[in-house]
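Student: Sharing a structure below in structure tokens format, with a few things to ask.
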Amino acid sequence: MNTRHEQWSLETIKEVYNTPIFELIHRANAILRSNFPHSELQTCYLVSIKTGGCTEDCAYCAQSSRYQTNVKPEPMMKITEVLERAKHAIESGATRVCLGAAWREVKDNHQFDRILEMIKGITNMGAEVCCALGMLTPSQSEKLYDAGLYAYNHNLDSSEGFYKTIITTRKYEDRLKTLDVVEQSGISVCCGGIIGMGETTEDRIGLLHTLACRERAPESVPVNVLWPIEGTPLQDQQTPSFWEILRTIATARIVFPLSMVRLAAGRAFLSVEQQTLCFIAGANSIFYGEKLLTVDNNDMDEDTAMLNLLGMRHRPAFSRKQEQPCQSATC
């Protein structure tokens, strides 16, 4: 398990975030190289197995039934269709397949049974499986574990203070409780947030601090950049500067030396050169495929060309390192 190895205060994380950029990148890169094989990148493929019609009011989400967006509710995908998509992605280089469903929480019904079969099928193909299914009970989490689920995504989105301004239908403590349920069942936790929603730098630091104060660090920390969607309350938000994105990536790497730091939604905003800087600064995971739920992502062929250009290798599935993280102040 990726256990918490040192105490991080808000002030300490703030100092890291505000470090002069060359020093920040150097420190983050040294930590990355100390804990992961060089030039290795995890490629994850995301499948929206149940799109639209969610009852939650997340201000950033096109899948909420409360907003007038171009996303229409769709029935849950068939098992065979999901397995076909996963097989194609794995053949194209993906080593983790993420299954996302637009609903508030898991129900004990035939849909959950289908998800368990999807997990078993994809795991048998040799890929890690991650699910983002909302809140769940200990019993459901145990069933997911027994089916072979590798990781469970449940983002905190932002700091607890800012969270209240973007979501009212689910409490911050509900999200923390879900993380506890997942951890207790033995499933790895994937948890990060979104930048560019109107939050402050202190909110971004607060999110990292909340995660750093947990008993176990997340196995993966996705850093998403808001993709403003017409019809949502955040449709007019400005995209954060590249330097804000880079600082967030580097700080996450330093605070979570053994975690996968994922350059997630919003990567399509970045040039190959900017993405390269993010990889140097600690990002070692991306989403691979043209679509992320309801928003565009980089073309898979373009990503393959980028990896070849940079001399990067696909990180094999089930290859999480067991070494202890670097303990020195400078690594």
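Every residue gets a Cβ built from N, Cα and C, even glycine.
Below, the features straight out of Swiss-Prot:
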| type | residues | note |
| --- | --- | --- |
| DOMAIN | 39-264 | domain 'Radical SAM core' |
| BINDING | CYS54, CYS58, CYS61 | [4Fe-4S] cluster binding site |
| BINDING | CYS98, CYS130, CYS190, ARG262 | [2Fe-2S] cluster binding site |
Student: Same chain, not part of CYS54, CYS58, CYS61: whose C-beta falls within 8 angstroms of the C-beta centre of the [4Fe-4S] cluster site? Give them in sequence order.
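Tutor: After dropping the recorded site residues, what remains is GLU56, ASP57, TYR60, ALA62, GLN63, SER64, ALA102.
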Student: Tell me whether CYS190 ([2Fe-2S] cluster binding site) sits in a helix, a strand or coil according to DSSP.
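Tutor: DSSP assigns CYS190 ([2Fe-2S] cluster binding site) to strand.
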Student: Show, in sequence order, which residues other than CYS98, CYS130, CYS190, ARG262 on the same chain lie with their Cβ within 8 Å of the centre of the Cβ atoms of the [2Fe-2S] cluster site.
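Tutor: For the [2Fe-2S] cluster site the neighbour list reads CYS44, LEU46, ARG96, ALA132, ALA151, ASN153, SER220, PRO222, SER285.
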Student: How big is the Cα-to-Cα gap, in Å, between CYS98 ([2Fe-2S] cluster binding site) and CYS61 ([4Fe-4S] cluster binding site)?
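Tutor: Rounded to the nearest whole number, the Cα-Cα distance is 18 Å.
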Student: Between ARG262 ([2Fe-2S] cluster binding site) and CYS61 ([4Fe-4S] cluster binding site), what is the CA-CA distance rounded to a whole number of Å?
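Tutor: Distance between the two Cα atoms comes out at 20 Å.
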Student: Taking the Cβ of CYS54 ([4Fe-4S] cluster binding site) as centre, how many other Cβ atoms lie within 10 Å?
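Tutor: Step by step: centre on the Cβ of CYS54 ([4Fe-4S] cluster binding site), count other Cβ atoms within 10 Å, giving 22.
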Student: In the structure shown, with every protein chain counted, which of the binding-site residues CYS58, CYS98, CYS190 has the densest set of Cβ atoms within 10 angstroms of its Cβ?
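Tutor: Its Cβ has the most other Cβ atoms within 10 Å: CYS190.
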Student: Write down the Cα-Cα distance for CYS190 ([2Fe-2S] cluster binding site) and CYS61 ([4Fe-4S] cluster binding site), rounded and given in Å.
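Tutor: Given the Cα positions, CYS61 ([4Fe-4S] cluster binding site) is 19 Å from CYS190 ([2Fe-2S] cluster binding site).
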Student: Taking only same-chain residues 6+ apart in sequence, whose CB is under 8 Å from that of CYS130 ([2Fe-2S] cluster binding site), what do you get?
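Tutor: Listed in sequence order, they are CYS44, ARG96, VAL97, CYS98, LEU99, LEU149, TYR150, ALA151, TYR152, ASN153, CYS190, SER220.
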Student: Could you say whether, by DSSP, CYS61 ([4Fe-4S] cluster binding site) belongs to a helix, a strand or a coil region?
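Tutor: Reduced to three states, the DSSP call for CYS61 ([4Fe-4S] cluster binding site) is coil.
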Student: Over the domain 'Radical SAM core' (39-264), work out the mean pLDDT and round it to an integer.
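Tutor: On average, pLDDT over the domain 'Radical SAM core' (39-264) sits at 95.
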